[in-house]
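Colleague: Sharing a structure here in structure tokens format.
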Amino acid sequence: MTRDTIPLAGVIGDPISHSLSPRLHGHWLRRYGLQGHYVPLHVNHANLETVLRTLPLMGFVGVNVTLPHKEHVLSIADSVTDRAALIGAANTLTFTANEQIQADNTDGMGFLSNIRQALPGWSASAGPALVLGSGGAAKAIVSALVSDGAPVVHVANRTRARADGLKEQFGARVSPSDWTHIPDLIGDAALIVNTTSLGMAGQSPLSLDLSRLSPPTVVTDIVYAPLQTNLLRDASIRGCETVDGLGMLLHQAVPGFERWFNYTPTVDEDLREAVLAG
């Protein structure tokens with residue numbers, strides 16, 4: 001295999017130095033003995049389209065996309081999957097042999113796969129879901145929960161208008177709520193998801209009244225630094241099943257790796273340890 005035929009992939013963002021994706025994909029490439037490279041690419045908004053059109057000419061087969069470019073890449077892509085169009089953002093770009101850009105969003109799939117790996121047999125159809133926050137991650141997760149059969153998805157946000165926007169975007173099974181109503185919704189929820197940055201290292205804590213929280217409610221947090229947030233710790237103390245946020249990052253990476261390197265990787269404890277090792 002010549003240098004020209006070794007597939008190249010990467011992750012684009014601004015900033016990008018914090019990304020765990022190079023560690024993740026690098027582990028898979030080494031583990032499976034595959035030819036390929038995965039690199040971080042610091043690209044600002046002004047240069048985004050030029051870079052994306054140039055990368056296929058340099059041998060790149062695709063890239064992951066992180067903040068702040070996940071929405072803007074949709075206007076650059078030549079084709080967009082239905083789920084990426086519905087969510088309004090893409091995190092995975094694939095470059096075709098004729099240098100076309102295909103955009104997809106695998107965040108929702110990664111979210112569901114993370115819970116199912118931790119809790120085999122789990123389904124969103126088990127009961128109402130409560131999603132905290134209404135940003136980009138929330139949109140992908142709400143879309144996935146609705147598609148997976150959640151009877152109702154309550155979305156609580158400090159700015160009510162943003163929660164209302166998700167109902168307009170994803171339909172009648174989405175129920176917007178004020179942040180102050182969270183304690184009333186917790187008792188009936190089969191699933192509680194924190195999609196905000198509250199509770200992340202360096203951010204303000206997530207302070208909730210969990211007095212009505214009890215099994216069999218499942219609680220998950222997309223934050224993975226720390227792995228056990230205060231929300232997950234307190235839910236565990238109350239006897240609830242909890243799922244940390246690292247697995248969502250790992251599972252959302254599977255489709256891109258499969259397309260770019262023609263191999264289906266496994267998400268397991270070895271991968272978790274490699275990504276967390278630093």
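From the backbone N, Cα and C atoms, a Cβ is placed for every residue, glycine too.
According to Swiss-Prot:
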ACT_SITE  LYS70  active site, proton acceptor
BINDING   SER19, LEU20, SER21, THR66, ASN91, ASP107, TYR224  shikimate binding site
BINDING   ASP82, GLY133, SER134, GLY135, GLY136, ALA137, ASN157, ARG158, THR159, ARG160, ALA161, ARG162, ILE222, GLY245  NADP(+) binding site
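A description of the local structural setting of each listed feature is requested, covering burial, neighbours and distances.
Modeller: In the three-state DSSP scheme, LYS70 (active site, proton acceptor) is classed as coil.
Listed in sequence order, VAL11, TYR38, PRO40, ASN64, THR66, LEU249, ALA253 are the same-chain residues six or more apart from SER21 (shikimate binding site) with CB atoms under 8 A from its CB.
DSSP gives ALA161 (NADP(+) binding site) a helix state.
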Colleague: Would you mind checking how many other C-beta atoms are within 10 angstroms of the C-beta on ASN91 (shikimate binding site)?
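Modeller: If we count other Cβ atoms within 10 Å of ASN91 (shikimate binding site), we arrive at 26.
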Colleague: Which ones in the same chain are close to GLY136 (NADP(+) binding site), with CB under 8 Å and 6+ residues apart in sequence?
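Modeller: Spatial neighbours, sequence-distant, of GLY136 (NADP(+) binding site): LYS70, GLU71, ILE87, ALA89.
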Colleague: From the Cα of SER134 (NADP(+) binding site) across to the Cα of ASP107 (shikimate binding site), what is the distance in angstrom?
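Modeller: Between the Cα atoms of ASP107 (shikimate binding site) and SER134 (NADP(+) binding site), the distance comes to 14 Å.
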Colleague: Work through the binding-site residues one by one (THR66, SER134, THR159) and point out the residue whose CB has the fewest other CB atoms within 10 angstroms.
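Modeller: Counting other Cβ atoms within 10 Å of each of the binding-site residues THR66, SER134, THR159, the minimum falls on THR159.
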